[in-house]
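K.L.:
Pasting a structure here, questions to come.
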Amino acid sequence: MNGSRRASFGTEIALLFVSLLFLLPVLYLATMSFKEPRIFYKPLELPDRLYLDYYKEALGTEFFRSLLNSLLVTAGGLALTIFVASMAGYVLARRKERVFQLFFYLFMSGMIIPTVGSLIPLFKLATFLHLINTRTLLVLLYTAGFIPFASFLYSAFTKSIPRELEESANIDGCGSLRMFWVIIFPLLLPATGTFILTNVYGVWNDFLTPLIFLNSPEKMTLMPMIVQFMFNKQSINFGPVFAISVLAMLPLLLMFVLTQKHMLRGLVMGSVKG
Amino acid sequence: MNLNRKQYMASILFLIPAAAIFILFFYVPFLQSIYYSFTDWNGIGKPRFIGWANYAHIWKDPHMTDGLWNSLKMAAFGLVVQNPLALLAAVLLNRRFRTRAFIRTAFYLPVIISLVVASVVWGQMLQYDGLINEVMVRIGLESITEDWLGNVRTSFPAIILLTQWQAIGYCAIIYLAGLQAIPQEMYEAADIEGARGWSLFRYITLPMLMPAVTIVLFLTVVGSLKLFDLPYILTNGGPGTSSYTLFLAVYNAAFKDNNYGYATAGGIVLAIFIVIVSVVQLSATRRKEVEL
């Protein structure tokens, strides 16, 4: 905001100091990943050259397979959510009949009901459906978890779209499905952007769901892979664990730097609409 | 008429995919969990109905009780320390200054980093020969060096501090979004009336910020109750039960001990706590919002 007041020089210095404290663990992580074994356990010594062996070792592991799995479940979970929640949110905003109101409250109750107790029945259900240890299951679970928030978001955004658009499309003989995807969905793009930019990190960084529902290394996503890698090699050395952590963090770090402005704007929009 | 009927059917068709996924993977397991919590099910055999036995046992199980107690302590700490600090940070970050973009990024960075990666690096920093102690020794504080995660007194406080590192930035960003939504004219009007500094904050900023406060307090408490990753990776609840959280106790009961019925009861207790907190807290702060 341009109208906001200027901070004093002292405040700026204090904030800079605190923000460096916030950055410290990240900088430390990056530094550690380049420290040769000789100085690895001397926390205050900095590397005098770029030591890349940890990265070589990290890349020699299941890294790329896990990266691909993380990409698949993240993209899949967000895409399926966008697909089903945009349609649902649109309908919930437009229809006033009791059935639809009922579904609105059903979805919204999902924002309060925690899934902790459901993990075990879910495990059994997934086994019954032959979905255990599949990436499809993760996609479905993320979608189920996102539906309350996403359909609420889409429903809030739909209200800002004039109804006349749909009516005229209908009169022109445009079917509902085509009308939605060709006319409405593109107008809901800000909601889609907000949803992706504020939730992609949660899926990418998720540890618990793959830990419980995946067990074969071929399906494993990045976060549980890092932990397994760490617990397997604990006695040897942490270097490769740090290198993998940096690599696993990098894609979203890049995305964050590139989209930060949009994300903040999305949060502002979300908080105003909500 | 015909068109309306067609539209009605189309609407139902639009709703079906989301409803099917949500009901199958959210509601069905949730309802089943209520049933399993009254059984002695171990995952293989037939579940046998045992009434309230699981629930009664929770209060005698130090993993569960210490876990719950820890989560409540963390929530209290979050409310008293993390929220005021986040609000302060947001107010300051809303001012104009040259390095603002950099500082905002620094504050928000911990939020996008996974708890797994955070655990990896903090775990190393908190070791006995790690960075924190090394710095302490260098500045002459040798007497308070500690194996921070291996000590009953310090393991959970260390985890609390670690969560603050992540949560403050997140809360600050929500507050910042709330601050930016306050119309500037309100400050100008108050300025003409002669309001300054603290009273501007007390009578304009804070009331206008109540919706953000509602969200942040909710996230703080629910986040504390749901904490799992950090203690799982850093301490596995130890030493003893000192850094257990209720979620970790539930996880271990289910997937380590195959005590599914009991674990589900723990999950239900946790769920009830979360629902109570949500309802009490949302209605309390919502009332504050209406008063304006």
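Cβ atoms are placed via backbone N, Cα and C, with glycine included.
Here TrEMBL flags B:68-281 as domain 'ABC transmembrane type-1'. According to TrEMBL, the feature transmembrane segment maps to B:12-31, B:74-93, B:105-125, B:156-179, B:200-222, B:260-280.
I'd like these features described in context: how deep, what's nearby, how far apart.
P.N.:
Away from its own ends, the transmembrane segment (B:74-93) comes close to residues 100, 103-104, 107, 156, 159-160, 163-164, 167-173, 175-176, 178-179, 201, 205, 209, 213, 216-217, 220-221, 223-225, 227, 245, 277 of its chain (Cβ-Cβ under 8 Å, at least six residues beyond either end).
A Cβ distance under 8 Å defines the sequence-distant neighbours of the transmembrane segment (B:105-125), meaning residues of its chain 6+ beyond its ends; these are 89, 93, 131-132, 149, 162, 165-166, 168-170, 172-173, 229-230, 233-234.
Here the transmembrane segment (B:156-179) has long-range neighbours at 70, 73-74, 77-78, 81-83, 85-87, 89-91, 93-94, 104, 107-111, 113, 115, 118, 122, 126, 148-149, 205, 208-209, 211-213, 215-216, 219-220, 223-224, 227, 230-231, 234-235, 242-243, meaning same-chain residues at least 6 beyond its ends whose C-beta is under 8 angstroms from one of its own.
With a threshold of 8 Å between CB atoms, the same-chain residues lying at least 6 positions outside the transmembrane segment (B:200-222) that come near it are 75, 78-79, 82-83, 86-87, 91, 167, 170-171, 174-175, 177-179, 181-182, 186-187, 190-191, 274, 277-278, 281-282, 285-286, 288-289, 292.
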